[in-house]
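Novice: The annotation domain 'Glutamine amidotransferase type-2' is assigned in TrEMBL to 10-233. Sequence annotations record features per position, and here TrEMBL assigns active site, nucleophile to CYS10. Annotation source TrEMBL lists [4Fe-4S] cluster binding site at CYS249, CYS395, CYS445, CYS448. Summarising the annotation, TrEMBL assigns Mg(2+) binding site to SER296, ASP358, ASP359.
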Amino acid sequence: MRLGGMHEACGVAGAVTPGRQAARPVFFGLFALQHRGQEAAGIASSDGRAAYIHKGLGRVAQVFDEDNLRPLAGELAIGHNRYSTTGATQLRNAQPHLVETVLGPLAVAHNGNLTNARALRRELLEAGIGFSSGSDTEVILRLLALPAEGSEDPWIARIGRLMARAEGAYALVLLTREAIYALRDPWGFRPLVVGELEGGGWAAASESSALATMGARPAFEVEPGSVVRIDREGYRVHEVAAGRPRALCVFEYVYFARPDTVLAGREVHAVRRRLGAELAREAPADADVVVGVPDSATAHALGYAEAAGLPFAEGLIKNRYIGRTFIEPDDALRKTGVRLKYTPLASVLADRRVVLVDDSIVRGNTAGPLVRLLREAGAREVHLRVASPPVRHPCFMGLDMATHDELIAHRLELEAIRAHVGADSLAYLSHAGMLRAVGTRTGLCDACFSGRYPLAVEPAAPEEDALVGEG
Ligand code: SF4
């Protein structure tokens with residue numbers, strides 16, 4: 001995560017562990033998915049009789065300890081790391097959301113953002129159904145709590161109705177009394193994978209890298225529009241709403257996902273190296289050294305350096321522990337901006353012509369201060385290279401950039417952006433170069449770069465601020 005930049009999508013995890021406590025692997029899954037959200041964390045579990053829940057504000061290690069993990073009893077559990085796409089940090093928006101239904105408890109953990117949440121919420125309110133939070137996840141929860149007909153498993157019938165009504169991005173794990181369900185929207189915007197746990201049982205997680213931390217071997221990706229029901233006996237896949245064009249978020253490759261995650265068969269680290277290599281071919285620079293913005297752009301910078309035949313060096317050191325705290329910096333500290341997070345290494349930078357590689361520029365608040373940091377450490381020239389195309393269009397599918405005006409590349413042309421950030425030169429990777437690096441021209445959402453949205457989107461009216469998207 002970069003200061004003032006784009007924030008991560010949420011992380012979800014679930015497990016069914018016959019004979020063992022499921023909340024424990026889910027805790028470790030959330031730990032591995034911490035990069036996808038740091039505002040709140042929570043776990044809900046079921047022992048077949050009752051449901052249990054604990055959630056709080058902050059990182060997983062701040063929210064959980066042995067004393068509050070132990071009471072989360074049962075062989076079924078789901079969990080969530082939250083980064084809200086809009087709205088303030090509030091405990092009532094922390095997930096999972098848990099309600100009692102006519103079929104017993106139902107808990108929901110959601111990664112994504114419904115593009116028609118307002119219309120669905122209005123419809124439910126008019127039907128007399130109340131809401132206790134501002135999150136679009138509660139819209140999902142209330143829809144799932146309503147009885148539906150049409151399948152021998154009543155939850156599959158309800159999920160079918162949800163998939164028929166909900167538009168947008170939703171990778172979900174659901175907890176019921178007897179089973180957990182892992183499902184992906186018909187476009188497959190956000191990733192979701194299933195793995196087999198050592199010692200028995202099954203796990204689901206936003207990213208394959210989390211499965212290893214949970215003690216699971218990756219088994220398969222949840223297909224867009226399908227539901228995986230997991231209980232003590234095993235799993236069963238239900239195709240509920242196939243047939244939409246696939247639209248995996250390309251930003252998962254560029255920035256969000258962990259480098260060791262595999263998405264649609266492609267390792268994210270390898271894709272990032274190729275993004276950097278494509279950028280070096282398209283936008284070479286007369287320079288002495290290549291520096292990446294840590295940690296998110298390190299692989300891109302390595303790829304750039306390899307393809308350009310230039311040395312790669314760590315010119316910026318990141319304070320990995322700054323994260324999100326509840327202690328606000330005072331005004332004087334806030335002015336130091338990126339200095340809280342990055343320190344330049346003078347021995348690498350002094351008197352050098354530096355290529356600074358970043359994965360993306362969204363709002364443009366970070367690049368300028370980083371260029372200044374490099375110059376203060378003695379860099380003679382700073383050539384900024386961005387390993388993705390200009391972000392000119394907002395995302396309505398779960399990322400923290402919902403208006404055109406927030407996006408620097410929407411407001412300014414290339415030369416004006418270069419002047420704004422104070423670099424000697426600036427170049428972005430082309431759209432074609434990005435797709436070459438990812439390795440496919442189809443099956444991706446690239447709307448924030450291209451403006452071509454895979455579904456109809458309705459920009460939020462400013463007065464309608466009650467709904468909170470779940471990164
Ligand atoms: S608009 Fe951009 S960030 Fe949003 S889902 Fe599509 S590719 Fe991802």
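Each Cβ is built from the backbone N, Cα and C atoms, and glycine gets one as well.
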Novice: Taking Cα atoms as reference points, rank the binding-site residues SER296, ASP359, CYS395 by distance from CYS10 (active site, nucleophile) and give the first.
Specialist: CYS395
Novice: Could you tell me which of the recorded positions CYS10, CYS249, ASP358, ASP359, CYS448 have their C-beta within a distance under 6 angstroms of some atom of ligand 1?
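Specialist: CYS249, CYS448, by Cβ distance under 6 Å.
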Novice: Please tell me which one of the binding-site residues listed here (SER296, ASP358, ASP359) sits closest to CYS448 ([4Fe-4S] cluster binding site), measuring Cα to Cα?
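Specialist: The smallest Cα gap between CYS448 ([4Fe-4S] cluster binding site) and any of the binding-site residues is with ASP359.
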Novice: Can you tell me the CA-to-CA distance separating CYS445 ([4Fe-4S] cluster binding site) and ASP359 (Mg(2+) binding site), as a whole number of Å?
Specialist: 17
Novice: Please list, in sequence order, the residues in the chain of ASP358 (Mg(2+) binding site) that are at least six apart in sequence and whose C-beta is under 8 Å away from its C-beta.
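Specialist: ASP358 (Mg(2+) binding site) has long-range Cβ partners GLY292, VAL293, ALA297, HIS300, THR366, ALA367, LEU370, LEU384, ARG385, VAL386, ALA387.
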Novice: Please list, in sequence order, the residues in the chain of CYS249 ([4Fe-4S] cluster binding site) that are at least six apart in sequence and whose C-beta is under 8 Å away from its C-beta.
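Specialist: Result: ALA9, ALA169, PHE189, ARG190, PHE256, MET397, GLY398, LEU399, LEU444, CYS445.
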Novice: Calculate the distance in Å between the alpha carbons (Cα) of ASP359 (Mg(2+) binding site) and CYS395 ([4Fe-4S] cluster binding site), and round it to a whole number.
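Specialist: So the Cα of CYS395 ([4Fe-4S] cluster binding site) lies 17 Å away from that of ASP359 (Mg(2+) binding site).
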Novice: Tell me whether SER296 (Mg(2+) binding site) sits in a helix, a strand or coil according to DSSP.
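Specialist: Looking at the DSSP assignment, SER296 (Mg(2+) binding site) belongs to neither helix nor strand, so coil.
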Novice: Let me check the 10 A CB neighbour count of CYS395 ([4Fe-4S] cluster binding site). How many other CB atoms are there?
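Specialist: The answer is 26 other Cβ atoms.
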Novice: Can you tell me whether DSSP puts CYS249 ([4Fe-4S] cluster binding site) in helix, strand or coil?
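Specialist: The three-state answer is strand.
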Novice: What's the number of neighbouring CB atoms sitting within 10 A of the CB on CYS448 ([4Fe-4S] cluster binding site)?
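Specialist: Its Cβ has 28 other Cβ atoms within 10 Å.
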Novice: So for SER296 (Mg(2+) binding site), how many other CB atoms are inside 10 Å of its CB?
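Specialist: Excluding its own Cβ, SER296 (Mg(2+) binding site) sees 24 Cβ atoms within 10 Å.
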